[in-house]
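Below you'll find the structure, written out as structure tokens, and then a few comments.
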Amino acid sequence: MSTLETTTRVAAPPEKGGRGAGFALMFASSVSNQVGAALGASAFPAIGPVGVVAVRQIVAAVVLMPIVRPRVRGLRADQWRPILGLVVVFGVMNLSLYAAIERIGLGLAVTLEFLGPLTVAVASSRRALDVVGVMLAGVGVVVLTDPGPTTDVIGISLGLLAATAWGCYILLNRTLGLRLPGLQGTAVASLVASAIWIPIALGWFVFHAPTFAAIGLAVACGLMSSIVPYVADLLALRRIPAHIFGTFTSVNPIWAALAGWLMLGQPLDVHEWAGIGLIVISNSVVSSAQFRRGRG
């Protein structure tokens with residue numbers, strides 16, 4: 001998951017050369033993220049969003065722990081508090097997003113989720129351009145959801161809940177980044193979350209018997225939507241300026257809509273594409289402005 005906050009925090013001056021490779025890595029990250037989500041959604045008929053989220057969280061912990069090797073025993077209380085906050089946020093963010101995908105489709109759910117980092121980015125800003133970005137996003141939401149008697153209010157609410165959780169994730173990461181170096185906090189949070197999700201998964205699978213295919217899809221989802229994007233993003237940030245990276249990341253809802261259409265048979269109406277376009281433009285404008293201010 002790439003966000004305005006986490007990108008700013010990990011970004012370093014880009015290396016000379018290799019810009020083509022940087023763009024290829026950004027493209028790979030975006031496509032992998034959304035294809036992984038589509039694969040996870042393909043497992044819904046067998047194990048549902050709960051089963052997919054459980055497997056995804058366990059996979060993330062299994063991969064991150066050996067790589068990061070955090071020192072769990074030496075953590076202080078002021079470090080544990082944001083870590084436990086992340087544990088809660090991980091569960092709410094992923095479960096609400098995948099439940100939203102099940103109800104309103106991949107493209108709409110991911111687009112609504114992107115309102116989270118946008119809100120955090122402009123919350124403390126008084127620039128007219130950022131205000132315009134928020135207004136544009138608001139119009140985009142109305143156009144995208146087309147409120148009416150047949151509107152799936154629950155699905156839209158779940159997408160907005162995922163956006164709220166993503167915003168909380170950014171704020172918690174900001175705090176945790178000041179108290180723990182690197183990815184140690186995220187790795188410990190993934191470990192604790194997986195310890196919680198393992199018994200939930202076992203109980204869930206008693207009543208929703210998993211198939212090998214469904215588990216395989218969920219594992220692929222965990223790798224493609226968590227691990228691959230993270231590695232690709234870090235490598236891309238060594239080759240691409242942060243403001244270009246942030247603008248490119250803002251286009252993720254379009255990749256999500258395409259993945260939903262091509263892999264899940266979820267075509268979008270014209271007004272839905274228009275709403276996604278407005279929100280993407282809003283995110284691009286705000287993210288570009290945020291990165292330029294961060295460098296100034």
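Numbers here mean position along the shown chain, with the first residue as 1.
Every residue gets a Cβ built from N, Cα and C, even glycine.
Where the annotation comes from TrEMBL, it is an automatic prediction and has not been curated.
The shown structure was predicted, so the numbers you read here are calculated from the model rather than taken from an experiment.
Note on the transmembrane segment (21-41): residues 1-2, 14, 52, 56, 98, 101-102, 106, 110, 217-218, 220-226, 228-229, 232-233, 235-236, 238-240, 245, 248-249, 251-252, 255-256, 258-260, 263-264 of its chain, located 6 or more positions outside it, place their CB under 8 angstroms from a CB of the stretch. The transmembrane segment feature in TrEMBL is assigned to 21-41 (among others).
Summarising the annotation, TrEMBL assigns transmembrane segment to 47-68 (among others). Tertiary proximity for the transmembrane segment (47-68) is limited to same-chain residues at least six positions away from its ends with a CB under 8 Å from its CB atoms, namely 40-41, 90-91, 94-95, 98-99, 101-102, 182-184, 186-187, 190-191, 193-194, 197-198, 200-201, 204-205, 208, 210, 214-215, 217-219, 221-223, 225-227.
Counting same-chain residues at least six beyond the ends of the transmembrane segment (80-98), those with a Cβ under 8 angstroms from any Cβ of the stretch are 37, 40-41, 44, 49-50, 52-53, 56-57, 109-110, 113, 158-159, 161-162, 165-166, 168-169, 172-173, 175-176, 179, 185-186, 188-190, 192-193, 196-197. Annotated transmembrane segment per TrEMBL: 80-98 (among others), in sequence order.
Per TrEMBL, the feature transmembrane segment maps to 153-172 (among others).
The feature domain 'EamA' is assigned by TrEMBL to 154-286.
Feature annotation from TrEMBL assigns transmembrane segment to 184-206 (among others).
Beyond the transmembrane segment (212-232), the same-chain residues lying 6 or more positions past its ends with a Cβ under 8 Å from any Cβ of the stretch are 1-2, 25-26, 28-30, 32-33, 35-37, 39-40, 42-43, 45-47, 51-52, 54-60, 63-64. Marked as transmembrane segment by TrEMBL: 212-232 (among others).
Here TrEMBL flags 244-264 (among others) as transmembrane segment.
The annotation transmembrane segment is assigned in TrEMBL to 270-291 (among others).
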Maximum Cβ pairs under 8 Å to the transmembrane segment (270-291) - stretch from the list 153-172, 184-206, 244-264 | 244-264
Other than its close neighbours in sequence, what residues sit by the transmembrane segment (153-172), given a CB gap under 8 Å and a spacing of at least six beyond its ends?
-> 1, 3-6, 82, 85-86, 89-90, 92-93, 96-97, 99-100, 103-104, 108-109, 111-117, 119-120, 145
Taking the domain 'EamA' (154-286) alone, what is its mean pLDDT?
-> 88
Restricting to the same chain and to residues at least six past its boundaries, which positions have a Cβ under 8 Å from a Cβ of the transmembrane segment (184-206)?
-> 47-48, 50-51, 53-55, 57-58, 60-62, 64-65, 67-72, 75, 79, 82-84, 86-87, 90-91, 173, 176-177
Residues from the same chain, set at least six apart from the ends of the transmembrane segment (244-264), whose C-beta lies under 8 A from its own | 2, 4, 7, 11, 23, 26, 30-31, 33-35, 37-39, 41-42, 105-111, 114, 233, 236-237, 272-273, 276-277, 279-280, 283-284, 287-288, 290-291
